[in-house]
Amino acid sequence: REDLWVREGKILNPEKLFFDEKGSADIQLDCKGSIIAPGFIDVQINGGFGVDFSLATDDFKSGIDLVSQKILSHGVTSFCPTLVTSPPSVYHQAKWQELDCRSLGGSWLCVCVWAGAHLEGPFISKEKKGAHPEHCLRTFEAGAFQDLLATYGSLDCVRIVTLAPEMKRSREVIQELTKRGICVSLGHSVANLSQAEEAVQHGATFITHLFNAMLPFHHRDPGIVGLLTSDKIPAGRRVFYGMISDGIHTNPAALRIAHRAHPKGLVLVTDAIAGMGLAPGRHTLGQQMVEIDGLNTYIAGTKTLSGSVATMDTCVRHFQEATGCSVETALEAASLHPAQLLGIEHKKGTLDYDSDADFLMLNDGLYVQATYIAGEEVWRQDASGM
């Protein structure tokens, strides 16, 4: 049971205050035995509370603001708004620049607690398109990277791009994105293991929702899943992988297998859609209509899963229960690991001195009691009546 010292939005080394400045705390807060943990970071969230990030709108910023406020109760203090496969006009209309995006220590961060956009598609496999609209899928033509730029319009404030590495000319695209500090994620793909390993050797560092929308594990060619134990990962490089730990997308046994094979790479994601936080019924996911039935979300009229309505704190609890891992390990999968993936672990995802004072108070059951950003309380369970 230790004290956490905060000043000017940062976590403070109290020795500096005591010995150098001869000072003391201005305000003391009794956390009543709560667990204090870094704020959660969701690198794959398609929307929530009626907001669909993949719908073209002139009021894009208000949707981002609404979701960023609502997910504070889930413990999320940073997130990557995710756009699924869409027509070029949608990407062009999403004005990231309006969000006061700025460069901070080589990483893209924004004042409204978002960590840059995640563009999932349209350069993905038709065979593993999942809930992505087939008529919007694209391939890399002779221009390769120029094709990608023409589709997206701009890469300002883009942090992650999900693509299928088996596509022709993907090597050039992966190298160009990596050169710009953008995380390349492998997903919605029929890649074999050697194709996946080659993509990692050229800069890819993430796997989008492991096990979902990829070839199933096979003992003679484990496909993308094999990256978790591959011996061809460049020295000093870590491959991270997203897991939708909602009890629906991934069987608990598969969750345990992945975690035991590569615990330091596991990143919890929600893959939440616009219907998160709303009643069951019909909602959108980009160009598609989806139906929510309990905790299941399907493309309307089918049994194809299309995102989730899970919240990040629910995913953390399910992960901890399914794997039997320690509380610290469960919390790191939603904080430290996504921060490391994004290259912002010097600012986010830890309670280290000089990092941003984005933190949570949780009870022993890992239910969020209060959320702080830059040392300021932004949500408390009592205040909201939730």
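Glycine too: its Cβ is placed from the backbone N, Cα and C atoms.
Whatever TrEMBL says is automated annotation, not expert-curated.
Copied over from TrEMBL:
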{"type": "ACT_SITE", "residues": "Asp271", "note": "active site, proton donor/acceptor"}
{"type": "BINDING", "residues": "Glu120, His188, His209", "note": "Zn(2+) binding site"}
{"type": "BINDING", "residues": "Ala131, Asn212, Ala213, Arg220, His249, Leu305, Ser306, Gly307", "note": "substrate binding site"}
{"type": "DOMAIN", "residues": "35-378", "note": "domain 'Amidohydrolase-related'"}
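Cβ neighbour count within 10 Å across all protein chains ranks His188 highest among the binding-site residues His188, His209, Arg220, His249. Each of the binding-site residues Ala131, Ala213, Leu305 was scored by the number of other CB atoms within 10 A of its CB, and the lowest score belongs to Leu305. Among the recorded positions Asn212, Ala213, Asp271, Leu305, Gly307, the ones whose Cα sits within 10 Å of the Cα of His188 (Zn(2+) binding site) are Asn212, Ala213. Between the two most distant C-alpha atoms of the annotated substrate binders (Ala131, Asn212, Ala213, Arg220, His249, Leu305, Ser306, Gly307) there are 30 Å. The average per-residue pLDDT of the prediction over the domain 'Amidohydrolase-related' (35-378) is 93, rounded to a whole number. Cα-Cα distance from Ala131 (substrate binding site) to Glu120 (Zn(2+) binding site): 11 Å (rounded to the nearest whole number). Under a cutoff of 8 A between CB atoms, and with a sequence separation of 6+ in the same chain, the neighbours of Gly307 (substrate binding site) are Asn46, Ala131, Asp271, Ala272, Ile273, Leu285, Val290, Thr297.
Around Asn212 (substrate binding site), the same-chain residues six or more apart in sequence whose CB sits under 8 Å from its CB are Gly130, Ile244, His249, Thr250, Leu305, listed in sequence order. Neighbour density for the residue listed as 'active site, proton donor/acceptor': within 10 A of its CB lie 29 other CB atoms from the protein chains shown.
Cα of Ala213 (substrate binding site) to Cα of Glu120 (Zn(2+) binding site): a distance of 12 Å. Close to Ser306 (substrate binding site) in the fold, though at least 6 residues off in sequence, lie Gly130, Ala131, Ile273, Leu285, Gln288, Val290, Thr297, Tyr298, Ile299, each with a CB less than 8 Å from its CB.
Using the Cβ center of Glu120, His188, His209 for Zn(2+), the list of other same-chain residues with Cβ within 8 Å runs, in sequence order, Gln44, Val84, Gly121, Ile124, Gly130, His132, Thr162, Ser185, Gly187, Thr208, Asn212, Ala213. Cα spacing between Glu120 (Zn(2+) binding site) and Arg220 (substrate binding site): 29 Å, rounded to the nearest whole number.
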